[in-house]
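Novice: Annotations per TrEMBL:
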COMPBIAS  60-70  compositional bias 'Polar residues'
COMPBIAS  990-999  compositional bias 'Polar residues'
COMPBIAS  1032-1046  compositional bias 'Low complexity'
DOMAIN    144-318  domain 'Amino acid permease/ SLC12A'
DOMAIN    434-717  domain 'Amino acid permease/ SLC12A'
DOMAIN    731-848  domain 'SLC12A transporter C-terminal'
DOMAIN    862-987  domain 'SLC12A transporter C-terminal'
DOMAIN    1101-1169  domain 'SLC12A transporter C-terminal'
REGION    54-76  region 'Disordered'
REGION    107-132  region 'Disordered'
REGION    968-1057  region 'Disordered'
TRANSMEM  217-238  transmembrane segment
TRANSMEM  275-292  transmembrane segment
TRANSMEM  299-318  transmembrane segment
TRANSMEM  433-457  transmembrane segment
TRANSMEM  478-504  transmembrane segment
TRANSMEM  524-542  transmembrane segment
TRANSMEM  578-596  transmembrane segment
TRANSMEM  602-624  transmembrane segment
TRANSMEM  636-660  transmembrane segment
Amino acid sequence: MSQRFTVTAFSKSDSGRNVSDIQGEVNQLFEGDEPTPSSSNKEVSFNTEVVVVQGDGNPKESSPFINSSDATEKSQKYDGKHMALFEEEMETSPMVSTMISSLANYSSLPQGSKEHEEEADNEEEDKKKKKPVKAPQLGTLMGVYLPCIQNIFGVILFLRMTWMVGIGGVIGSFIIVFMCCSTTMLTAISMSAIATNGVVPAGGSYYMISRSLGPEFGGAVGICFYLGTTFAGAMYILGSIELLLVYILPQAAIFKMEGLEGAEAEAAMLNNMRVYGTIVLSFMATVVFVGVKYVNKLALLFLACVILSILAVYAGVIKTAIEPPDFPVCLLGNRPLISKGFDVCAKTLESGNGTVTTKLWSVFCDSPFLNATCDEYFVNNNVSFIQGIPGVMSGILKENLFGNYLEKGDLVAKKGIATVEGPDDTLTNSNRYVLADITSFFTLLVGIYFPSVTGIMAGSNRSGDLRDAQKSIPIGTIMAITTTSIVYMSAVILFGACIEGVVLRDKFGEGVNGNLVIGTLAWPSPWVIVIGSFFSTCGAGLQSLTGAPRLMQAISRDGVVPILRVFGHGKANGEPTWALLLTAGICEIGILIASLDAVAPILSMFFLMCYMFVNLACALQTLLRTPNWRPRFNYYHWALSFLGMSLCLSLMFICSWFYAIVAMVIAGSIYKYIEFRGAEKEWGDGIRGISLSAARYALMRLEEGPPHTKNWRPQLLVLVSTDVEQNVEQPRLLSLTNQLKAGKGLTIVGTALAGTYLENHPQAQRAEQSLRKLMETEKVKGFCQVTISSNMRDATSHLLQASGLGGLMHNTVLVSWPRNWKQADDLQTWRDFIELVRETTAAHLALLVPKNIAAFPSNGERFSEGHIDVWWIVHDGGMLMLLPFLLRQHKVWRKCKMRIFTVAQMDDNSIQMKKDLTTFLYHLRIDAEVEVVEMHDSDISAYTYEKTLVMEQRSQILKQINLTKTEREREIQSITDSSRGSIRRKNPAVVTTQLSVTEEQPGVSSKVEKPEEESASVAVSPPTQVQLIHDSTSPTSPATPLTPASEGGAQTPGSAQVQMTWTEKADGEPAKPPGASTPQGIKDIFNMKPEWENLNQSNVRRMHTALRLNGVIVKKSSEAKLVLLNMPGPPNNRSGDENYMEFLEVLTEGLNRVLLVRGGGREVITIYS
C-alpha cells in the first residue's frame, strides 16, 4: 500500500530553496535516512510519495472570515501564504514548510518532543559559541562490525576455550557454544528491531530497554548492564594478569609459588592477582581519566592483535595436517608430569660409564642413586611421552568427543594406557602431577564460557556516531555474531581434532613447558598468541572502563534513580569523573575475588538479564501492536523473541542458580526503589501497553458475573463536597476510606459541580488536583472523578451512574451526613441526600453514612482501647459484621474490641438468640462480645407525641417555602395560632408549659402496634424532657432570610418562631416540673390529647421507635469509639421526606461517632471457606 503526502511551501524564505531540497527532507523524515538522489523505497516501511507544491509568491486578498484588528495583523503577517484559514492556529501549529527541516535533521536526544524543542532552542544559542561539529561518518564496518568483533573475541577464547573442550568434550562444548551463540543471535534480532524503530540516541541498550519497557525496568536492567560491563573489565584485567604471571613473566610474582603445594600455591597465586590487578586497574583508570581519545586510537591496534591471533591459530591447524609441531608430554603411567622439574622424560640414562639417574629420578626418590627409596607408583610404572599436538589428521577427535569432568585435586590422566596402582596407594608428590584446580561440571562451563559471546551491544552503544544507525546496527551486529559463532564452533571441533586430551585438560599448560595451550597450536610461534591475547585483553579492559562510566552517567542524567544523580556530573568536557570512580571501585571488588573462573559467572548473570529484557521488549511491542512499533528491520517475530528470552532465563539458572537469584533480587530491589522513589517519567513504554491489555482482559473477566460472596469487599464511591476554592470540605471522609480499604480494591473519590462544562472546566481541574493531593496525603489508592451538571442533584446522580468501568464498578457509596440540613437556607442539601439514598437502594448499592465525620480519627491516631459497637436490628446481608472486621485491620482501630447488640421483642427467646448469634459469629471467624437487648412494648409517651407534633409543624412550615407572600404568611399564622390556642386552653396563665416525661411501665395503657421494619432500624439518644416555647414575633416580609433552626426544632421564616429545647438535671434524671406528679398534673397532660389525635399515626410510631432505640443505644454505647447501626430507608411517600431526616436525627442523638449502614440487597459475608 503506497501513501502520498503533499507539502505546501509558501514562505519567501522557502522560495530561495529548491523544491527538490524540501522534498528530500520530507523523504528523509519518513525514511529516517539522508536524502539521496537515487533513494530506493525497498528499505522503507511505508512506500511514500511526497509532492511539494510551491506557491506563486503573489500576495492574495485577506481572509474574508476575519474582521478583528488582531486578525488583520495576522493576515498581514501570513499574507501571501494562502494560510488564512489556519492563521488562528499558527502560534501552536506552525507550517510544515518551516518545520520540515528541523524535523528531518533530528538530533540524538532521549527526551520527548517538548524536551526536544527546548534542547533545540538551547542548541541555537550555543551555535555561536561552539564550533560546528562534523557529522558522524562511521559506516557498518568501522562503526558496528569491527567493534562487535573486538568485544566478542576476548580472554575466554585464549585462556579457557581449550580447557572447556577437554573437560566437556567436543559434543558437550559444541552444545554450550551453540546455546550461547543462539541466545546472542536471537537477542541481536530483537535488538535490531528495537534499534530500527526510530532514532536511537547515544545510550545504546539502556536507552532501548528503558524506552521500551519503562523507567523501572530500564533503570533496573540498565544498572545490571552497567554492573556486567564493570565486572567484565575486572575479568579482562584478571585475564591479562594471568597471561603475564603464568606465561610471559612468571618471575615477576611478588608471592613466590616455588615449592608450595595445594592451597598454599593457590593462595599465593590469588594474592599476586590481587596486587597486580589493583595496579593495572589504577593505571587503566588513569588512562581513561586523562583522555578517552587515546583509548579510541589504540582500539584498532588491539583489534589487529585479536584478528592476528585467531589467524595464527587457523594457520597452526593447517600446519598440523602437514607437519605436526613437536610438543612432547611426559607421562608416568597414565599421569602427565609437570615439565618444570626435569629435563629428560626418563628415569635413567645409559652413558659410557653405565646407568645414571635423571632429574626425574630425584623428584620421586630420596637420593640420586639407583638403590634409593622411591615412590611406589614411580617404581611400578614406566615413563613415556606422547605428542601433545598429534595433528588434525591423527584421529584424536574420537577420544575427545565426550566429557571428562574432574573433582578438585583429581589427576589429569590419559585414557587407554595401562597403569599399575597399589591397593593402598596414596597420592604423594602431588606437586609433580598435573591436577584439576577446580571441580568441573557442565553448568560451570556454561557460566565460564558465556562472557565470550557478550559484546553484541557494542554497535548499538555507538549509535550516535553512525552515519545510518538504522541500517548499520542490524547488518553489522548480525554479521559479527555470525562470524564469531563460526569461529567458536569451528574452534571446538579443531581443538578436539588437533590436541591431545590430557593437554586440553591441562588448564595452565604445565605439561607442555608452561606454554599457553592454544599457543602450542599457533603458527609460527606460541608467543604470537600470548602477546596478542595480552594486548587484546588489556584493550578490552580499557574499553569496559570507558563504556561503563558513560552508561552510569546516562542513567544518572535520566534522573530515574535519585540516589545516583551525583554520578551524572563530570569534567567540563562531559567526561564522567564520578561515574569512573564508582566503576573503578566496583571493578576492584571483582579483582579482589581474583579468580577468573569465579568472576565470569557473575557478569554472565548481568548480561543474560539484560539480553532477556531486550527480547521481552521486542516481544511485547510486537504482540501489543503499538502504533509506534514500525521497525525497518522486518526479519523478526515475537516467537523468536520469546525463545531468546527463555534461553536467557534458562542459561541464568544453568550457570548458577545462586547467582541468578542474587541478580534477580538486585534487579527487583532497584525496580521497587525506582517505583517508589524514582522520578515520574512518561516514555510511552510497552509496560503501559501491557498494563492496558491486562486491565482490559481483567475487566472482561469481571463482566462474566458478580463476585462470589467470599470475594465481596466494599468497592467505594466516596462522595465529597468542595468549597468555593475547590478544597475538600470533609477530609476525614478520606481518612475513613483509608481505614476501611487499606489500599485494597477499588476506590473512586468523586465530587459534583453545578454549571456547564465549558465554563467550569478550570474549576473542575482545580477540584481534581485538590482531590488527588488529599488522596495522596491520606494514602488513599484509587481514582478521582469530577462531574459537572446543571445542578448538584443531577451531577451526583451522574457520578453514581457513570463511575467505574465494566465489571470494575463500585458497590458501596460513602457519603457524609448533611450537617446543616435544618438550616432554612440549606433545604436542597437534605432533599439531595434523601434522593441519593433512594438511588443507591434502586441500584442495589450499599450505603455508608458517617455522622459527625469531623470527630472521626485521622490515620495518625491510635485507639489503645475501646469498643466498636454494632447494633444489628435488621439483616442487611452482613455489612454490619464485615465493616468492623475491615476497620480493625487498620492501625487506628486494631486494639478496639467488637461488641454486637441485637434487639429482642416481647415474644422472642433472648437466651436462645444470644446462643445462636454466638454460634453464627464463631462460624464467621469473628471475635466479638454478644448482647441481646430486650425492648418491651410500652405506651407511647407524651414526649413522643409532642416531638411528633413539632416535627409535623416544622414540615408544614417547610412546605410553604415556595408559596406566595400572602399564602405563606397565612399558613404560618394559622399554624402558630393553633399551637398557641391549644396551650392557652390547658393553662391560660402560663406561657411556658413544662412536661415531665417518664417512661411508662409496659401494660399500663393500650399497646401500640409494632413499628414497620424500615422504621425499626436506626437509633440515637432521646431527650428526656421537653420545653415547648412559642414566641410570637412581628410578621416579616417573605424576602427576609430564613434563620437557622435550633437542634430541637425549627424557626419559621415569617411571623412565628417555634423552638424546642431539652433540659436535664445534673444527675441526668428528668426534671419534674411542679405539679407533674399530682393527679391534676397528669390530667393536664392527657387533656392535650385532642391535638395528638390529629397526628399521623405512622409518624408517631416511627418517632416512638426512634426514641426508644436511641435511649437503649445511648445507655449501652455512649462510651464506644464507634457505633454502627442499620439505616432505615426513606418513606415511599415523598411528602414525608423532611420527617425522615428528623427520625434519623433523633435516632443518633447523643452519640459521638455513628456510621449508618444500609445494605445493597445481597449477602456480603459467608461462613463457608
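In case you wondered, yes, glycine gets a Cβ from its N, Cα and C as well.
Caution: TrEMBL annotation is automatic and unverified by curators.
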Novice: Please report, as numbers and ranges, the same-chain residues at least 6 past the borders of the transmembrane segment (478-504) whose CB is under 8 Å from any CB of it.
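Specialist: Same-chain residues near the transmembrane segment (478-504) but 6 or more away: 144-145, 148-149, 152-153, 157, 161-163, 165-167, 169-170, 173-174, 177-178, 181, 184-185, 188-189, 192, 310, 313, 317, 320, 327, 329, 331, 336, 386-392, 394, 396-397, 399-401, 404, 412-415, 434, 452-453, 456, 459, 511-512, 517-518, 520-521.
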Novice: Test of understanding: applying the rule of at least three C-beta pairs under 8 Å (pairs 6 or more apart in sequence), is the domain 'Amino acid permease/ SLC12A' (434-717) touching the domain 'SLC12A transporter C-terminal' (1101-1169)?
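Specialist: The domain 'Amino acid permease/ SLC12A' (434-717) and the domain 'SLC12A transporter C-terminal' (1101-1169): touching, yes.
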Novice: Between the stretches 217-238, 433-457, 524-542, 578-596, 602-624, which wins on the count of C-beta pairs under 8 angstroms to the transmembrane segment (275-292)?
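Specialist: Ranked by Cβ pairs under 8 Å, first place goes to 578-596.
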Novice: The domain 'Amino acid permease/ SLC12A' (144-318): mean pLDDT?
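Specialist: The predicted confidence over the domain 'Amino acid permease/ SLC12A' (144-318), as a mean pLDDT, is 86.
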Novice: So if I exclude everything within five residues of the ends of the transmembrane segment (524-542), which remaining residues of that chain have a CB under 8 angstroms from its CBs? That is, six or more out.
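Specialist: Residues 150-151, 153-155, 158-159, 232-233, 236-237, 239-240, 243-244, 247-248, 280, 284, 287-288, 295, 298-299, 301-303, 305-306, 308-309, 312-313, 315, 515-516, 518.
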Novice: Check the transmembrane segment (217-238) against the transmembrane segment (433-457) for contact, please; criterion is three or more CB pairs under 8 Å, pairs 6 or more apart in sequence.
Specialist: yes
Novice: With DSSP as the yardstick, break the domain 'SLC12A transporter C-terminal' (1101-1169) down into helix, strand and coil residue counts.
Specialist: 31 helix, 10 strand, 28 coil
Novice: Just give the helix, strand and coil counts over the domain 'SLC12A transporter C-terminal' (731-848), going by DSSP.
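Specialist: Output for the domain 'SLC12A transporter C-terminal' (731-848) reads 61 helix, 24 strand, 33 coil.
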